[in-house]
Each structure stands twice: as C-alpha cells, then as structure tokens.
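Listed in Swiss-Prot:
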REGION    1-72  region 'Disordered'
COMPBIAS  17-29  compositional bias 'Acidic residues'
TOPO_DOM  118-121  topological domain 'Extracellular'
TOPO_DOM  295-305  topological domain 'Extracellular'
BINDING   ASP615, ASP619  Mg(2+) binding site
TOPO_DOM  720-735  topological domain 'Extracellular'
TOPO_DOM  827-838  topological domain 'Extracellular'
Amino acid sequence: MSAATEPTKEKPVNNQDSDDEDEDIDQLIEDLQSHHGLDDESEDDEHVAAGSARPVPEELLQTDPSYGLTSDEVTKRRKKYGLNQMSEETENLFVKFLMFFIGPIQFVMEAAAILAAGLEDWVDFGVICGLLFLNAAVGFIQEYQAGSIVDELKKTLANSAVVIRDGNLVEVPSNEVVPGDILQLEDGVVIPADGRLVTEDCFIQIDQSAITGESLAVDKRFGDSTFSSSTVKRGEAFMIVTATGDSTFVGRAAALVNKAAAGSGHFTEVLNGIGTILLILVIVTLLLVWVASFYRTNKIVRILRYTLAITIVGVPVGLPAVVTTTMAVGAAYLAKKQAIVQKLSAIESLAGVEILCSDKTGTLTKNKLSLHEPYTVEGVDPDDLMLTACLAASRKKKGLDAIDKAFLKSLISYPRAKAALTKYKLLEFHPFDPVSKKVTAIVESPEGERIICVKGAPLFVLKTVEEEHPIPEDVRENYENKVAELASRGFRALGVARKRGEGHWEILGVMPCMDPPRDDTAQTVNEARHLGLRVKMLTGDAVGIAKETCRQLGLGTNIYNAERLGLGGGGDMPGSELADFVENADGFAEVFPQHKYNVVEILQQRGYLVAMTGDGVNDAPSLKKADTGIAVEGATDAARSAADIVFLAPGLSAIIDALKTSRQIFHRMYSYVVYRIALSLHLEIFLGLWIAILNRSLNIDLVVFIAIFADVATLAIAYDNAPYSPKPVKWNLRRLWGMSVILGIILAIGTWITLTTMFVPKGGIIQNFGSIDGVLFLQISLTENWLIFITRAAGPFWSSIPSWQLSGAVLIVDIIATMFCLFGWWSQNWNDIVTVVRVWIFSFGVFCVMGGAYYMMSESEAFDRFMNGKSRRDKPSGRSVEDFLMAMQRVSTQHEKEN
C-alpha cells in the first residue's frame with residue numbers, strides 16, 4: 001500500500017523499537033555456544049493447507065485496500081458467514097459417565113445386581129455395584145483428563161484486530177472480522193483469520209509455530225497466504241481476509257479432530273468382543289439350566305439363585321478393573337521415562353504398532369541448524385570463508401537468524417576466524433534482501449581496510465561477482481557443480497563472497513547447512529527394524545532434504561512428494577493402487593495436514609496399527625486419528641491435547657523405549673485375559689453340568705468370593721516380571737479363545753473329579769467327612785489362582801520367576817481360601833487338615849496338567865494353523881472395495897467444492 005493511499009488512523013498502533021545497541025561479538029558467540037541450541041530455530045517450513053471448508057467467492061475478495069469494507073457490507077457478510085469463531089459442541093459429562101455402564105460385560109453385571117437385589121442378597125448386590133462404579137469411575141477420569149482439544153486450539157487465536165473500515169483504521173474484537181476485511185499486520189500481531197497479503201513489495205516474517213510446531217519464521221511477500229493464530233515477527237503489511245471461523249485452517253483442524261475422535265478405541269472393541277461371546281455362552285448355559293430346572297419343577301426362587309450364580313461366574317466382572325489397573329501401573333512407569341500417558345488404551349495400541357509415521361524435525365533430527373563441511377574455492381583458506389560468512393551477520397542477538405547462529409556456533413572449530421572476528425568493526429549491515437537474495441555487511445579491518453562481505457543464494461552471489469569481472473571457467477564449473485550436488489542432497493547452501501578496498505569481488509565458497517540427525521537416531525531406527533516397526537517419515541520439507549535425512553539414518557529412500565496423494569480426493573490413482581503406494585513408500589515430503597490424516601487412514605484400512613508423532617496444531621487431526629498419537633518434546637498445547645502419549649524427552653529412542661514397555665504391559669494383559677476367560681468357562685461348564693445333572697450348586701456367597709478372589713489375586717499382575725515381544729503384538733482372539741477353552745475344560749474336569757470322587761459312600765478320598773461346598777471352594781480357588789503362573793510365562797511355567805507382588809497376592813488368597821475350607825465359613829461344616837492337604841495335592845496335579853497343555857499349545861504350529869489366527873491383511877485385500885470407496889470419496893469432495 002502506497003503512502004498516498006494510507007488510511008486515516010483512529011487508533012494508533014504501537015510499534016516495537018528495534019534500534020538497540022550492537023552487542024559484543026565475543027559475548028554473543030559465547031552465549032550461543034553455551035545454550036546448546038535451545039534458542040535455535042528449525043529450518044523446516046511445514047506447509048499449511050490453503051483454502052477453506054466454505055470458500056468465499058472471489059468477487060467478495062476484491063476489497064479496496066485503501067478503504068476497506070463499509071459498515072453495511074460488514075453486517076451482510078457477518079450474517080452470511082457468521083462470527084469469526086470456532087463452533088463448539090458441549091458434552092454432557094453425566095451422560096458421558098453413564099456411557100461407561102454400557103457394554104456386554106456391564107450388562108451382565110447389571111443383570112446380576114438386579115437379581116441379587118430381587119433375592120435380597122445385599123452383600124452380593126453391594127459387591128457387584130461397587131465393581132460397576134469402580135470400572136466406570138476409572139474410565140471416566142481417564143477420558144476427562146484428556147482435555148478439550150478445541151479449547152486448546154481456541155487459545156491460539158487473537159483477541160482483537162486492527163482493520164480498515166470505511167477508510168479508517170479501527171480496532172475490533174477478532175470475532176467480528178469478516179471475509180473481505182483488510183487487516184493491518186505489524187510486529188507482534190496475532191493474525192485472527194486466514195488471508196492473503198495485498199501490500200505490494202512487502203516483506204514480512206511470520207511465526208507459524210502455533211500451527212506447525214516449527215520455530216523458524218516464514219518469509220511472506222505480496223500474494224502469499226497467512227493463517228489464523230500465526231504471529232508477525234518482523235515487518236508491516238496489509239492482508240485481506242479469505243476465511244474465518246470454522247473455515248480457517250485452525251477451524252478445519254478442529255473439525256478433523258472431532259471426526260477422528262468419533263470412533264471407538266481398538267481396545268474397547270476387543271473387550272466388547274470378548275464380553276459379547278461370554279454373554280452368549282452365559283445365555284446358552286442359562287437355557288440349559290432353566291430347561292433342567294423346569295423339568296424338575298424347581299421353585300422360581302431356586303431357579304433365580306441358579307441364574308445369579310451362572311451370571312456372576314459367566315462374565316469376568318473384574319476384567320475392566322484389572323486391565324485398567326495394569327495399564328495405570330504401566331503408565332506410572334512410563335511417566336518415570338518422561339512419557340505421559342493421557343489415554344490408557346494407548347498402551348495396548350502402542351504394543352501392536354507396526355508403522356510409525358514420524359515427523360522429521362526434533363524427532364529424527366536435532367531441530368538445530370548446523371554447518372556441514374564448507375566448500376572452498378581453490379586457493380581460499382577455510383578460515384577466511386568462515387570469517388567472511390560471520391562478518392555478514394547481524395551483531396544483535398535478536399536480529400540473528402538460524403543460519404547466523406549456526407555459523408557463529410561453528411567458530412569453535414575455526415579458532416583463527418573466531419579470534420579475527422572481534423577485531424573487525426561493523427560499519428553497515430543490510431539484512432536479507434528478497435530481491436537480490438543476499439545479506440550484505442560493510443566492515444573495517446584492523447588495518448583500516450574497507451571490506452564488503454556478502455552471503456546468500458549461491459547463484460545470486462556468483463552473479464554479483466561476475467557482474468564485475470569474469471570468473472575462470474573451471475572455478476565456475478566446480479562451484480556450480482557443488483551447489484547442484486548440495487541441493488540434490490537437501491542442504492541449504494549459501495554462497496560467500498567479498499570485496500576488499502578497491503579490489504575485485506572474490507568468490508570464496510559455499511556454506512552448506514542442514515538440520516542434522518540426532519546422534520542416537522540411526523541406532524534407534526535399526527533397533528526399531530529389529531522390533532518389527534517400520535518408520536515412515538512425513539515432513540513438510542522438500543523431497544531432497546527428506547531423502548538425505550533418510551540416507552543418513554538408514555531409512556528407505558522411497559520418498560515422494562505428497563502431491564501424489566491429493567488433498568482429500570486421493571489424487572488420480574485408484575484406491576487399491578493408492579493404498580499400495582502408501583504402504584510401500586518410506587515417507588512423504590511437502591505434506592499438508594490432510595496428507596498426514598490420509599496416510600494414517602489408508603494404512604489403518606489396510607489393517608495396520610499406526611502411531612503418529614507430531615508437535616503442531618496441524619498435527620492434531622492425524623494424532624487423534626492414529627491408533628497411538630504421540631506428541632513429541634516441545635509440542636503445542638493443541639498437539640499435546642490431541643495425543644494419547646506426550647513425550648517430554650526428545651528423540652526417537654524415547655518412543656522405542658516406551659514401545660518395549662508397552663509390549664511388556666500387553667503381555668501382562670494378554671496372560672490375564674487368557675486366564676480370566678478360562679476361569680469363566682471353568683465355572684460355567686462345571687456349575688451348568690452340576691445344576692443340570694445333580695440339581696445342586698455352590699452356596700451363592702462362595703460363588704461371589706470365588707469371583708472376587710480370582711481378580712484380587714491377579715491385580716498384582718500389573719507388577720509382574722514380563723518379557724517384551726520382538727515383534728508387534730495383537731489380540732489374536734481365535735488363538736486366545738482356543739487356549740482359554742482348553743484350559744477351562746481341564747479346570748472343569750478337575751473340579752468334577754473332586755465332586756465325584758471325594759464323597760463316595762465307602763472310602764472316598766475324604767471318607768465322606770466334611771463339607772462338599774468347602775472342599776469345592778478350596779479346589780476351585782487353588783487351581784484358578786495358580787493358573788496365572790502358567791499363562792504369564794512365555795515358555796514353561798518354571799522358566800520365568802513371577803514378581804514377589806504376584807506371588808505374595810496369590811499366596812495370601814490361597815491362605816484365606818484354606819481358612820474358608822478349614823473353618824467352614826459360608827459352607828456350614830468345617831473340614832480337617834487332612835482334607836485340606838489332599839485338596840492341595842490334587843489341585844497341584846491339575847496345575848501340572850494345565851501347564852503341560854498350555855506349553856504344547858504355545859509351541860505348536862499345528863495348533864496355530866488350526867485356530868487360523870490371521871490378521872486382516874492375510875485375507876483377500878478387497879481391492880475392488882478400495883477402488884469403490886476412493887471413487888465415492890472423490891465424488892463427495894468434488895460435490896463439496898461445487899457447493
């Protein structure tokens with residue numbers, strides 16, 4: 001905007017004073033080298049999707065920059081496009097709490113509570129209700145603590161804006177900005193809406209870290225897009241608003257987050273699946289019991305007591321509580337390793353992750369620009385090259401960009417250049433010029449010689465030298481070849497030249513810069529490969545930079561431009577080809593937020609469990625969509641809120657450590673679930689047959705105690721010594737059910753033998769003395785408690801020593817069960833010590849049989865083939881379905897654009 005068209009200011013706008021004194025160069029270098037890069041800015045300019053969910057017609061974006069909109073036009077546009085704020089859906093917390101009482105296991109527990117109340121069995125009623133509320137409370141608290149992502153996104157937005165209305169500069173609340181408004185941008189302004197720069201010949205720098213997580217300010221010129229929640233770091237300009245509210249980039253990110261959060265978690269689906277099958281088995285067993293009871297004309301009260309007993313034992317009432325406790329203990333352990341778990345089910349998901357979609361900056365690299373080996377023209381001293389490059393830099397700490405900081409910090413390797421630098425006096429400094437693409441400084445040497453130092457785009461620096469005198473062909477060719485080589489490898493290269501006194505320009509060389517890989521990343525990537533984890537890089541950097549980083553890290557170099565994916569429409573490839581393309585690629589460069597979301601979605605549709613790392617607002621949708629969303633060190637609040645796990649330690653190694661721990665936790669959960677399903681099947685089979693054949697059942701109070709003891713003892717599984725699998729682990733439900741069924745049958749046979757051999761008329765094992773309820777209670781408790789020692793081991797039960805917590809918990813429960821049997825608590829008659837010893841010996845025999853059976857099933861390939869435990873990817877891929885779904889998505893996208 002020219003001075004002639006400058007609008008009248010109704011309210012002055014404060015400008016920050018940047019005319020501070022030059023700082024001492026020695027102090028500046030020492031300061032930079034002592035901070036270890038904490039203030040370094042990243043070179044990775046993450047791209048942000050332009051456009052909006054609700055496009056504004058171009059004719060509404062032809063506002064006169066000198067006059068702005070009229071008040072009437074503002075009113076019309078606000079009525080059409082609404083306020084400049086994100087829509088918010090409030091959630092009823094009470095309804096959310098009630099949702100934790102819905103599910104197959106919960107339904108059975110609720111039915112059992114109603115039955116217990118009807119039978120006036122208040123002890124059982126209280127125990128069941130207590131378990132129900134405990135499960136719901138733990139789940140609700142975990143979900144509530146995750147926080148509101150939309151609230152975090154809204155925190156990044158501006159509160160007010162300076163706009164041109166009716167030819168005047170006025171300050172208005174940010175939510176009153178409308179499409180077509182002309183906004184004034186200057187140092188420190190937080191941009192309240194998406195827009196486009198309309199000031200000709202402008203040059204401003206904008207901090208988009210609230211969106212991308214990247215700290216390096218982005219250069220913007222006339223016609224470039226700006227985005228809501230970004231901050232102007234340097235320069236002044238005017239912009240026209242192109243999108244507001246939900247149609248801005250931040251608004252669309254919030255919408256994608258809500259979309260991603262709509263589905264139920266993977267672990268919830270697994271538990272519901274197990275609960276559904278157990279519910280069906282309970283119904284089948286109850287039908288058998290009811291038919292037998294009606295045949296014998298049992299009274300309704302007796303039938304209801306049988307029903308209550310089957311209902312209590314048929315479903316593992318403590319399953320949610322034990323699994324939640326196991327994950328909570330694991331989360332506390334991860335917290336010690338600086339990994340904060342915000343969603344407990346993420347631990348289970350992380351254990352099964354096969355593909356990690358990782359950002360580059362800060363995770364794979366140091367997020368710290370550094371100087372690589374400089375290229376010097378023949379005959380030039382490297383110290384002269386370094387000295388000239390550092391002379392062409394600001395002496396103000398606030399004026400230093402990331403490249404200047406990298407050069408100054410590298411002086412530690414060039415002591416002669418560092419010593420000479422302090423002897424030069426800065427006469428003039430001209431910051432980066434977007435037209436000439438170079439930085440210029442005029443200095444005075446200790447001898448009083450005037451020297452012009454320049455650094456900038458290599459070919460522009462070369463042109464500056466050639467304008468004065470020709471360069472030898474071999475020097476020019478070698479220089480250009482080196483620049484081309486560095487560009488192909490993804491380095492950011494700067495040419496350096498100088499002019500001493502009245503002499504000619506001298507081309508000195510090229511300074512290559514790059515964000516280097518972290519020291520431990522290559523080793524960690526190799527370790528990840530051995531753990532069966534594929535790492536795909538998703539970065540906003542250029543393809544060359546991505547490929548060079550992958551080469552240094554030992555990752556695959558099949559890196560493609562994300563344009564081939566398309567934005568929302570999937571590009572031009574058929575759905576099946578697109579899925580193959582994403583599956584086989586090692587990563588994508590120049591990605592937009594929608595690309596990240598699409599990559600995660602496509603891999604999930606192929607049956608993979610996917611983890612995604614991110615640190616910016618633009619990562620929030622894909623973090624929420626992924627099976628495990630990981631917010632890396634330094635992430636924005638919105639990214640942290642969207643993530644399942646937040647890492648406080650930098651680098652990929654922290655993620656790999658957490659993955660190992662999660663696999664240990666998964667092993668504990670898997671062994672418990674096998675154990676607990678076997679227990680439910682055991683009592684369903686035994687009690688169902690006992691009731692149907694002999695019209696008898698255990699005392700209902702003892703049934704409740706058996707259910708409680710089974711879970712109380714195994715709560716300590718959360719502290720057990722567990723190995724981690726060398727490959728991703730998943731819920732192979734067919735194999736799990738096969739093992740549980742066989743173990744349950746062995747347990748039922750053992751209990752049936754106890755029932756039918758210990759109470760024969762003449763000379764039974766217990767010689768017809770004592771209480772059948774007490775004996776059965778002890779035998780069931782012992783064999784069930786000991787089963788956990790079998791399922792927890794990766795090999796034979798003696799191959800792994802359990803933790804003292806688990807051993808102690810089982811021993812305490814066994815002692816209590818023995819006291820029940822000895823003193824006849826809730827079983828009417830006491831039993832002598834000989835009876836108890838015989839039950840212990842017999843139970844150990846059953847334990848050994850179960851141990852042998854479990855080991856054979858674990859090691860048997862034939863059993864695996866029989867159970868056919870395959871993942872979704874082993875099934876026909878359904879390529880025609882993928883093609884159809886992608887075609888429908890493109891039609892939907894095109895329809896949205898047309899409307």
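The backbone N, Cα and C atoms fix where each Cβ goes, and this holds for glycine too.
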Per-region confidence, the topological domain 'Extracellular' (720-735) (mean pLDDT, whole number): 84
Candidate with sparsest Cβ neighbourhood (10 Å radius) among ASP615, ASP619, the listed binding-site residues: ASP615
Sequence-remote partners of the topological domain 'Extracellular' (720-735) [C-beta within less than 8 Å, at least six residues beyond its ends]: 270, 273-274, 351-354, 530-533, 609, 660-661, 663-668, 670-671, 792, 794, 800-803, 805-806, 863-864, 867-869, 871
Chain residues outside the topological domain 'Extracellular' (295-305) and at least six past its termini with a C-beta under 8 angstroms from it: 115, 118-119, 289, 695, 697, 700
Positions on the same chain near the topological domain 'Extracellular' (118-121), where near means CB under 8 A and six or more residues out: 301, 304-305, 308, 700
Tally of residues which DSSP labels helix, strand or coil - the topological domain 'Extracellular' (827-838): 6 helix, 0 strand, 6 coil
Tally of DSSP helical, extended and coil residues in the topological domain 'Extracellular' (720-735): 3 helix, 0 strand, 13 coil
